[in-house]
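Data first, discussion second: the structure below is written as structure tokens.
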Amino acid sequence: MAASEVKRSGGAPAHDSAPRRPVRALLAPDRYRGFGVWFGFVVVFLYAPIVTLVVYSFNDGDMIGMWRGVSLRWYQATLADGSVRKALANTLIVALFATLIAVSVATAAAVAIVRGAGRFERLSERLIALPLAIPEIVLAIATLMLFALIDLGSSITTLVLAHAVFCTPFAFMPIRTALAQISVSMEEAARDLYCTPAECFRLVTLPLLAPGIVAGAMLSLVMSIDDFITSYILSGPGNTTVPVYIFSMIRQGVTPQINALSSLLFGLSLLLVAGFWFSSRRS
Amino acid sequence: MSSARARTNRVLGLAPVWLLIGGLLLAPLLLVVAIAFTEQGAYGGVDWTFSGAAFVSLLYNVDFDGTASVEWSYVQIFLTSAALAGATTAICLLVGFPVAYFISRQPPSRRSVLMLLVAIPFWTDLLVRIYAWMIILGNDGLIASALSALGAGWLYRNILFTPKAILLGMTYNYLPLMILPLCSSLEKLDGRLIEAAADLYASRWSRMKDVIIPLTAPGIAAGCMLVFIPAVGDFVTPTIIGGGKTLLFGNLVALQFGSAHNWPFGAAIAVVMLLLIGCAGTLPLLIRRRLGRVA
């Protein structure tokens, strides 16, 4: 760590004969002492609770603070629970359909925004970012009121629509980045070779954009699966999602079963983030 | 292809976004503003007559005989929420800036790995992250067990279910939202400017104060807003590790659509929350203008 902070380039190379200068003087002008250590602390702070949770989900004992050996019994108990399985299925269905909507909408918008630079395009880009600028609770209750007013009860469909709204900006960002990297000359070449605009999009733009779309889909899936606030406000008795189920479990008290279910949810998120990471690197 | 055709295609491409976000975000928000100015219906719904009663009841408690007394409890909740969200933002900035700076000065390949490392907790369920703190903090939690195993149980102070725990939980939740925009702002900062400042005998502190921070002000503002917005509306953290004892804005709104069932009042609180965020959003602009005048 210290070695990497030492300025290597610039100035005369240090000779053995030269008097040894203290390390402090060798620190590159853009480096700050202790920032690396601080980074380490913060990473530990960010991961300690999650690691604790996962480790204790394998605890054989009934008590949270007491370690009684490794076992999978809480996972077995969790997965054998019918209502957990139902919640898990609901979560996945909502996430898949919300992502399908979000990715389609975001792809169409990204193509229009990146390839055109008018006022309407800039306004639309602001609109897409708007869900990030409003507290989720406000958006959730607003949506609830709208659905109640037009007599749409709580169903999986309303949940999917509400999720699609806040998933769209997350799907949009990687797609936009990927599209900006695709040279317009590729599309122009295709058109010179008598491609129709539809063919050009399907045969040239879309395949080049695929990694960006996959990355956007992964982010959108994570956002939907991990969402609590919107699902809590909008889901009725029959369409609980996993985070809402965990919430009701927590309110009844801390049990090792929550650890197991939470760890499963964390594992799912991690898998999707990994998917995002690899697909965004490819683009 | 003619430009008119291209224009039509672009408008067609943007139509779904306007349909989705316009229909399910703009329209509901307008509805919230509208409902905030109505009266509560007799059966808990909305009575569509124009009224400022919901806003009045935020400040005054009107009795049946028409006498009004000032109601401080909502003002208190407002101030607590704003203060907790503000403190969370300030702590996240102080804690996150060195982290973001450190990441931004790494070689690009390592930088993206470190950014992913910071992002993973953010991509984890909010509820799971907060619940994890319950395991650590509680009376029979990890810290308590570890201390009593060492015979130092008397050292343990339970902060679970106190405002301190809420502050810790919120800082933990939203720290990545501060670090990531700071990173992308800091990595665009040209290192040669810092070297130039150093060559002109600027001290390390002065380089930070006069070069690095002013040049990354937009990133700092973005990070602060990204932390402040969810923090001010957070009702999960106060409910779980606050033990539901500290009522915040988010709790109050959620209550009106749950057991209290007073839609106009809930909508009025939501409008006040949006106004607060709007005010907080102009703050960075004002500060930047002040700074611009000084520099």
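Placement of Cβ uses the backbone N, Cα and C atoms for every residue, glycine included.
A TrEMBL annotation is a machine prediction, not a hand-curated record.
The annotation domain 'ABC transmembrane type-1' is assigned in TrEMBL to A:88-276.
Residues or ranges marked as transmembrane segment in TrEMBL: A:35-58 (among others).
Per TrEMBL, the feature transmembrane segment maps to A:92-115 (among others).
Per TrEMBL, transmembrane segment is recorded for A:127-150 (among others). Outside the transmembrane segment (A:127-150), and at least 6 residues removed from its termini, the chain residues within Cβ reach (under 8 Å) are 106, 109, 158, 162, 165-166, 168-169, 172, 229-230, 232-234.
Per TrEMBL, the feature transmembrane segment maps to A:156-179 (among others). Taking Cβ pairs closer than 8 Å, the transmembrane segment (A:156-179) reaches residues 90, 93-95, 97-99, 101-103, 105-107, 109-111, 113-114, 128-132, 136, 139-140, 143, 147, 205, 208-209, 211-213, 215-217, 219-220, 222-224, 227, 230-231, 234-235, 239, 241, 276, 280, 283 in its own chain, all 6 or more past its ends.
According to TrEMBL, the transmembrane segment annotation covers A:200-223 (among others).
Beyond its flanks by at least six residues, the transmembrane segment (A:229-248) meets 83-84, 86-88, 90-91, 94, 136-137, 139-141, 143-144, 147, 153-156, 158-159, 162-163, 166, 258, 261-262, 265 of its own chain at Cβ-Cβ distances under 8 Å. Marked as transmembrane segment by TrEMBL: A:229-248 (among others).
Distant neighbours of the transmembrane segment (A:260-278): 50, 53-54, 57, 74-75, 77-78, 84, 174, 214-215, 218-219, 221-222, 225-226, 242-243, 245-246, 249; these residues of the same chain sit at least 6 beyond its ends, with a Cβ under 8 Å from one of its Cβ atoms. Annotation comment: TrEMBL describes A:260-278 (among others) as transmembrane segment.
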